[in-house]
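Below: one structure, written as structure tokens.
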């Protein structure tokens with residue numbers, strides 16, 4: 001135990017709010033030796049005091065059991081469903097292999113520096129997002145509240161996707177799979193295939209009609225879908241049980257939820273490479289279209305994907321890193337997790353296109369067989385002369401190469417009449433060019449491919465269990481981004497807060513399990529996170545680089561890590577990253593303005609999707625989502641700038657952040673010679689500089705009476721520190 005730890009503990013636990021003179025006059029005799037010592041201490045003494053302070057914090061704050069557990073938690077949070085169903089789509093859409101270059105460049109310019117920034121502030125200050133940004137600049141304390149609101153919005157619909165995956169997982173223990181064939185409908189006279197299914201496909205019909213039982217518009221609620229309601233409840237129960245003890249419970253689950261998806265992806269890749277046509281899919285995927293790299297849209301979408309892939313702005317990164325030791329090498333963590341995320345996206349892309357290549361090959365074989373039968377029919381009726389067909393070709397067992405040869409010959413001979421024959425070219429590239437993403441990839445395209453796998457139920461179980469684990473890993477980080485800052489700030493019990501948060505989210509989440517729920521998922525995905533998160537991260541960058549000071553921050557990192565970070569980060573944080581983020585924000589706003597707000601509705605009669613605009617109330621909801629997410633930033637700024645809340649009221653304005661504690665500011669400091677800054681009200685006092693120990697001698701004051709009163713919860717002495725950032729606490 002550190003020297004005088006009993007005295008320190010008793011004083012801190014009582015949280016006595018008195019004047020500094022009263023506190024010093026009531027000290028135990030055990031502190032006499034300390035009071036008689038000179039306050040100007042050498043480097044070794046500063047280190048000793050810092051160790052004592054740090055040990056007190058670490059005694060109170062939970063910590064990761066191991067470095068591996070922490071890395072898995074960060075990987076589980078950053079690697080999510082977007083790596084599997086968003087990155088491959090963007091890669092295919094934006095130039096194939098050529099897309100990897102702008103993505104990698106933007107990962108180095110935006111991703112790693114900003115990820116490193118969030119890791120370092122969380123680890124150094126050891127608070128959640130609210131505490132971190134209050135600590136750095138209380139006027140910008142709304143950044144933390146905004147990230148909590150965004151986390152809550154995202155958690156609402158993200159857990160619905162986990163619920164969908166749980167439903168498909170539960171339905172996969174059947175042979176054949178329930179989405180393998182279209183259902184048959186019986187009437188009095190005969191049996192026929194369900195028309196809606198026949199017009200689309202078996203997997204499409206199962207997704208829209210059996211799983212979602214979807215309505216035709218967002219205005220048509222249709223009531224709750226009881227199957228999805230049960231799955232959503234199960235998803236929230238799992239999240240609640242995993243998070244109820246914080247990192248002590250969720251950290252252990254990370255070993256499975258973070259590693260299992262890699263096992264499944266590798267198994268899928270090996271299996272897919274053994275299937276016919278998988279190489280066609282991979283070749284199509286990585287054939288670079290270099291000319292597309294010149295399009296601004298490609299860079300904008302790459303930057304957006306980098307931004308969301310690492311979970312920047314959510315607060316989960318800060319929350320997880322706040323449980324680290326203060327000397328942990330978070331720079332290594334930032335680089336490691338970022339590149340694990342990138343290589344996971346590439347691995348998932350290989351798997352997706354190997355499987356889609358196999359699926360395209362199967363569909364192409366069916367296409368060739370059907371069109372060959374049509375050609376044979378035309379030969380019998382005389383529409384096509386037998387003489388134009390090469391003698392070595394047998395149309396009953398035709399290969400793809402032979403069919404394409406016959407197709408080209410018929411097209412040349414029947415130039416004007418060719419379109420009336422309705423023959424299909426059956427090119428495998430045409431099937432691979434049908435870009436799908438999100439739910440369309442996971443619940444339609446991939447499920448259809450797996451129906452052609454040998455032992456398809458096994459692979460279906462593995463795939464949807466992987467989706468559940470990917471989703472849970474991200475959900476843990478998202479919920480941690482809500483729970484940790486609120487617990488740190490308001491000192492509520494974590495167990496009670498977790499249960500209340502999950503119960504409230506489930507109740508609100510019922511709007512997503514209506515028959516029209518899928519349209520609300522689209523709405524929240526488009527409007528609740530993109531712009532607010534961009535604004536949050538821009539403000540984070542500005543708060544550290546310009547409000548707190550990039551030079552002081554670099555010194556803090558050197559003090560914490562034991563080495564000076566590369567100067568590269570200095571220029572990224574101060575110049576390049578803010579400019580890139582502002583450009584991305586402007587591009588996103590312009591793109592949102594040019595794109596008509598709406599959603600793709602499933603029309604039962606047509607058995608296809610149709611783009612519909614949001615009704616007036618839907619537009620209001622979209623705007624409210626963005627406003628509510630970013631509203632805490634200006635609200636907190638105005639409240640603290642104008643002192644609208646009385647400090648004595650016990651409100652947020654009177655809360656100060658010290659390492660490991662949240663304490664009330666003293667209300668009345670008039671006439672107190674030991675006041676941190678004379679003549680200022682508590683809301684104008686400076687925040688502690690977390691870069692160095694700052695036990696300094698106050699100029700013009702007695703040596704004996706200016707003990708480092710941070711030991712008593714009032715804060716650190718700030719005299720003669722002109723480089724300290726302004727604070728409102």
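Placement of Cβ uses the backbone N, Cα and C atoms for every residue, glycine included.
According to TrEMBL, the transmembrane segment annotation covers 70-88, 100-121, 142-169, 226-247, 259-282, 302-323, 335-356, 458-483, 495-513, 533-550, 571-594, 614-639. What TrEMBL records for 76, 79, 83, 341, 470, 474 is Na(+) binding site.
Sequence features, as recorded in TrEMBL, placed on the structure.
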residue: 76; record: Na(+) binding site; Cβ neighbours (10 Å): 28
residue: 79; record: Na(+) binding site; Cβ neighbours (10 Å): 26
residue: 83; record: Na(+) binding site; Cβ neighbours (10 Å): 24
residue: 341; record: Na(+) binding site; Cβ neighbours (10 Å): 25
residue: 470; record: Na(+) binding site; Cβ neighbours (10 Å): 29
residue: 474; record: Na(+) binding site; Cβ neighbours (10 Å): 28
For the Na(+) site given as 76, 79, 83, 341, 470, 474, which other residues of the same chain have their Cβ within 8 Å of the site's Cβ centre?
75, 77, 78, 80, 81, 82, 258, 261, 344, 473
Given pairs 6 or more apart, does the transmembrane segment (571-594) have at least three Cβ pairs under 8 Å with the transmembrane segment (335-356)?
no
Counting Cβ pairs under 8 Å that are 6 or more apart in sequence, does the total for the transmembrane segment (533-550) and the transmembrane segment (302-323) reach three or more?
yes
Decide whether the stretches the transmembrane segment (100-121) and the transmembrane segment (302-323) have at least 3 CB pairs under 8 angstroms, with pairs required to be 6 or more apart in sequence.
yes
Most CB pairs under 8 Å with the transmembrane segment (142-169): which of 70-88, 259-282, 302-323, 335-356, 495-513?
495-513
Considering pairs 6 or more residues apart, do the transmembrane segment (495-513) and the transmembrane segment (302-323) have at least three CB pairs under 8 Å?
no
Selection from 70-88, 259-282, 302-323, the stretch that has most Cβ pairs under 8 A to the transmembrane segment (458-483)
70-88
Counting only CB pairs under 8 A, let me know which of 70-88, 226-247, 302-323, 335-356 has the most with the transmembrane segment (259-282).
335-356
Intrachain neighbours beyond the transmembrane segment (335-356), with Cβ under 8 angstroms and 6 or more residues off its ends
71, 74-75, 78-79, 83-85, 87-88, 91-92, 100, 103-104, 107, 111-112, 115-116, 262, 265-266, 268-269, 272-273, 275, 278-279, 281-282, 284-285, 309-310, 432, 441, 445-446, 449-450
